[in-house]
Amino acid sequence: MTTSQRTAAILVAAGRGLRAGAGGPKQYRTIGGRTVIHRALAAFAEHPEVAVVQPVVNPDDIDVFNAAVAGLRHEAPARGGATRQASVLAGLEALVPHKPEIVLIHDAARPFVTPAVISRAIIAANKTGAAIPVAPVTDTIKEVGASGDITATPERAKLRIAQTPQTFRFDTILEAHRRAAREGLTEFTDDAAIAEWAGLTVATFEGDVANMKLTTPEDFVREEARLAASLGDIRTGTGYDVHAFGEGDHVWLCGLRVPHTKGFLAHSDGDVGLHALVDAILGALADGDIGSHFPPSDMKWKGASSDQFLKYAIERVAARGGRVANLEVTMICERPKIGPLRDQMRARIAEISGVDISRIAVKATTSERLGFTGREEGIAATASATIRLPWGA
């Protein structure tokens, strides 16, 4: 049996996380263009040595969870409990049929865990049976009494910041959690504490100072700034598309079904606005064009809705650790009139792409009755996309 077949991961995502503000659980907030939970889950789902990824979520969050992690590999979510400890036990019980030898337990609120930390966790578990990642303490720590006066100054050299994923042999941590539940002990703050209580020796391995837990609004502000600073490779791409009119009573423009006296002659739905945007994004990535990814010779795309093309292009940006800074599309036509639909089109592009509407522009012009657009034989669109990538992505 290979290491990957023996290793499972639990992603604990059932907390409400209200201290982070924004009116909802912090794991579903967006940071750097992706949800916190998508970043955390992807780290394990994309790791070659992790065979099973078991999320644990609040029952009220199933729909938002599924939307946030669409496309990522994971098991059906286990139902979270009233405490983190109960949620971890639910995740462990859900893994029993998989019979893993090693389990990594990770908090969804730590979205910046790296493949290197995950690999070190697996090595540590196989070597010691129980281990946690730690980071050095750089500040001086004080113990304070009820009066607010300092009572002691711990020796900093002996202190470490505990992180996740905390990693264990599956059978031993499962039994420790079951035993704690039977005895009504519910106040353990992490899995290492349960392991210590159960008599296990818990080793440590090198964590990562960037693997921090997002807790407060200030944490989100700081990490957004850090991510933005890391995306220094700024790229711009342009796109162009045109479709002739044919028979019909509507056209698709920027994701909207627009009534018209004609329709488009096209392999897909003919949405020139979205097609131009897709080409602009792919151009910024130096990743071909819409025809190379969705060839018109492939009947799979016959009549296809163009929103899936735009989603795909956005996913290509995210896959390289980037984010979209701006999208702009200009429609060139006499009719239908774009002005009254401008804000609806911006909103629809934002909905499809996940890009904030403040970063989306829709414009329109005519060709002054010149050329095929002036003769109302079709519609053209030009687009530009500005994206930010990490250097070397």
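Glycine residues also receive a Cβ, built from the backbone N, Cα and C atoms like all the rest.
In the three-state DSSP scheme, H275 (divalent metal cation binding site) falls into the helix class. All protein chains shown were included, and the count of other CB atoms within 10 Å of the CB of H275 (divalent metal cation binding site) stands at 29. The divalent metal cation binding site annotation in Swiss-Prot covers D241, H243, H275 and is backed by sequence analysis.
Summarising the annotation, Swiss-Prot assigns 4-CDP-2-C-methyl-D-erythritol 2-phosphate binding site to D241, V242, H243, H267, S268, D289, I290, G291, T365, T366, S367, E368, F372, R375 and lists sequence analysis as the type of evidence. For H243 (divalent metal cation binding site), other Cβ atoms within 10 Å of its Cβ number 22.
Per Swiss-Prot, region '2-C-methyl-D-erythritol 4-phosphate cytidylyltransferase' is recorded for 1-234, and the stated evidence type is sequence analysis.
The region '2-C-methyl-D-erythritol 2,4-cyclodiphosphate synthase' annotation in Swiss-Prot covers 235-393 and is backed by sequence analysis.
The site 'Transition state stabilizer' feature in Swiss-Prot is assigned to R19 (among others); the stated evidence is sequence analysis.
Neighbour density for K26 (site 'Transition state stabilizer'): within 10 A of its CB lie 28 other CB atoms from the protein chains shown. Annotation comment: Swiss-Prot describes K26 (among others) as site 'Transition state stabilizer', evidence class sequence analysis.
Around the Cβ of R156 (site 'Positions MEP for the nucleophilic attack'), the same chain contributes V137, T140, I141, each under 8 angstroms and 6 or more positions distant in sequence. Swiss-Prot lists R156 (among others) with the feature site 'Positions MEP for the nucleophilic attack'.
Here the Cβ of K213 (site 'Positions MEP for the nucleophilic attack') has 15 other Cβ atoms within 10 Å, regardless of which shown protein chain they belong to. Residues or ranges marked as site 'Positions MEP for the nucleophilic attack' by Swiss-Prot: K213 (among others).
Taken from Swiss-Prot, the feature site 'Transition state stabilizer' applies to H267 (among others). H267 (site 'Transition state stabilizer'): 18 other CB atoms within 10 A of its CB, across all protein chains.
Annotated site 'Transition state stabilizer' per Swiss-Prot: T366 (among others), in sequence order, evidence recorded as sequence analysis. Counting Cβ atoms from all protein chains shown, T366 (site 'Transition state stabilizer') has 14 others lying within 10 Å of its own Cβ.
The subset of recorded positions (K26, K213, D241, H243, H267, H275) lying with their Cα within 10 Å of the Cα of T365 (4-CDP-2-C-methyl-D-erythritol 2-phosphate binding site) is empty, i.e. none. Comparing Cα positions, T366 (site 'Transition state stabilizer') lies closest to D241 out of the recorded positions K26, D241, H267, I290.
With a 10 A radius on its CB, T365 (4-CDP-2-C-methyl-D-erythritol 2-phosphate binding site) counts 13 other CB atoms from all the protein chains. Within the set of recorded positions K26, H267, S268, I290, F372, the entry lying nearest in space to H275 (divalent metal cation binding site) is I290 (CA atoms). Mean pLDDT of the predicted structure over the region '2-C-methyl-D-erythritol 4-phosphate cytidylyltransferase' (1-234): 93. Note on the binding-site residues S268, S367: the fewest other CB atoms within 10 A surround the CB of S367.
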